[in-house]
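What Swiss-Prot says about this protein:
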DOMAIN    4-167  domain 'EngA-type G 1'
BINDING   10-17, 57-61, 119-122  GTP 1 binding site
DOMAIN    175-351  domain 'EngA-type G 2'
BINDING   181-188, 229-233, 294-297  GTP 2 binding site
DOMAIN    352-436  domain 'KH-like'
Amino acid sequence: MVLPTVAIVGRPNVGKSTLFNRIAGERISIVEDVEGVTRDRIYATGEWLNRQFSLIDTGGIDDVDAPFMEQIKHQAQIAMEEADVIVFVVSGKEGVTDADEYVSKILYRTNTPVILAVNKVDNPEMRNDIYDFYSLGLGDPYPVSSVHGIGTGDVLDAIVENLPVEEAEENDDIIRFSLIGRPNVGKSSLINAILGEDRVIASPVAGTTRDAIDTHFTDADGQEFTMIDTAGMRKSGKIYENTEKYSVMRAMRAIDRSDVVLMVINAEEGIREYDKRIAGFAHEAGKGMIIVVNKWDTIDKDNHTVAKWEADIRDQFQFLTYAPIIFVSALTKQRLNKLPDLIKRISESQNKRIPSAVLNDVIMDAIAINPTPTDKGKRLKIFYATQVSVKPPTFVVFVNEEELMHFSYLRFLENQIRAAFTFEGTPIHLIARKRK
């Protein structure tokens, strides 16, 4: 299901990150009382009144070297392009500022619902000061103390009230995939090359996210695919499309909608921190993964080149041991014909179910090879295991004491399950649970 997007905007030091964390329900942003602190995590999932939504802290997208007004203009433009609902955060302690008026004039022109949250209203006496914010022309101001959690419920009520109508579940028979990677790694060329293959029939269809265009095609075997647009075929204001932090946000949204993620690396430039960050997000989200090294035609090669590259990739992406690596060229179409079948195999792995009896035979064989650990004279006992879900395949292992299940033994069991059932290209999750 595609989640609607809520963007938080506002000038530095008004408490955007604190409100973000309060709504997301966990401390996932770096919060310091210093103006302009950048944050690593700018994207999370929020839930209120049984409605889920994607939450974006646009303050984390700022170019900190840019002039102040350019930063907040950037935030507002991103919010207007990307969001279904905008939460504009101001400070009740400082009152209306020139920067607040500047942002409000930009937001006033949008058709996107704007919720005005007056933060740092930390005591009842301060509520009388919020009326000045009516001058911004954005409707009723909501008094909030995000540090203490006061008033956030009212803001969440307003968010849910303004979310678009829930969309119907998407067809599970269609495999959805996206190509993600840093700007200029050749994603567009790869997309064009994939769609240019004679074996596929491509047609642009209206996407389910705001202003997006996805591409639907069918292969020679009749399998339907949807390629999710991460390039952002959006309205004309694409000033910041090639900035790296902006592309992080786009990539995260695409990952949310994908069954399989193709992590594209530019062979000419190698692996960067951006690649590891985005790949980590896809891994945490439980998505199928393929590592695609593009522009392979530009590399001088000998008999050891592929092995060296594979070793380096495995070293840099140690959490992606399950992900296949493929070396391609969008220009020469080298190995591109292998991608649709590889995507299909990984989708099958994502949806694979293992009968409990067969699974437990593998678990018992694993214990015979490597007995369960002990701690302070007490041995871990595994009673049985069962698969509880797919996408990604998730297994619960019932034990006598959860604390005795060390992560290294869980990893051993995961490796044994992989060896038995070949979960190609997908993470699998093992959860230890005490038997009642």
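Placement of Cβ uses the backbone N, Cα and C atoms for every residue, glycine included.
Predicted-model confidence for the domain 'EngA-type G 1' (4-167) is 80, expressed as mean pLDDT. Rounded to a whole value, the Cα-Cα separation of GLY10 (GTP 1 binding site) and LYS187 (GTP 2 binding site) is 32 Å. Using Cα positions, the member of the binding-site residues ASN13, LYS16, THR58, VAL121 nearest to LYS187 (GTP 2 binding site) is identified as THR58.
Comparing Cβ neighbour counts within 10 Å across the binding-site residues ASN13, THR58, ASN184, the minimum falls on ASN184.
The two recorded residues LYS16 (GTP 1 binding site) and TRP296 (GTP 2 binding site) have their Cα atoms spaced 43 Å from each other.
Sorting the domain 'KH-like' (352-436) by DSSP state (H, G, I as helix; E, B as strand; all else coil) yields 32 helix, 24 strand, 29 coil. Ranking the binding-site residues LYS16, GLY181 by other CB atoms within 10 A of the CB puts GLY181 at the bottom. Closest to TRP296 (GTP 2 binding site) in space, going by CA atoms and restricting to the binding-site residues ASN13, THR58, VAL121, is THR58. The 10 Å shell around the Cβ of GLY10 (GTP 1 binding site) contains 26 further Cβ atoms across the protein chains shown.
For the pair formed by ASN184 (GTP 2 binding site) and THR58 (GTP 1 binding site), distance between Cα atoms is given as 23 Å, rounded to the nearest Å. Over all protein chains present, the Cβ of VAL121 (GTP 1 binding site) has 25 other Cβ atoms lying within 10 Å.
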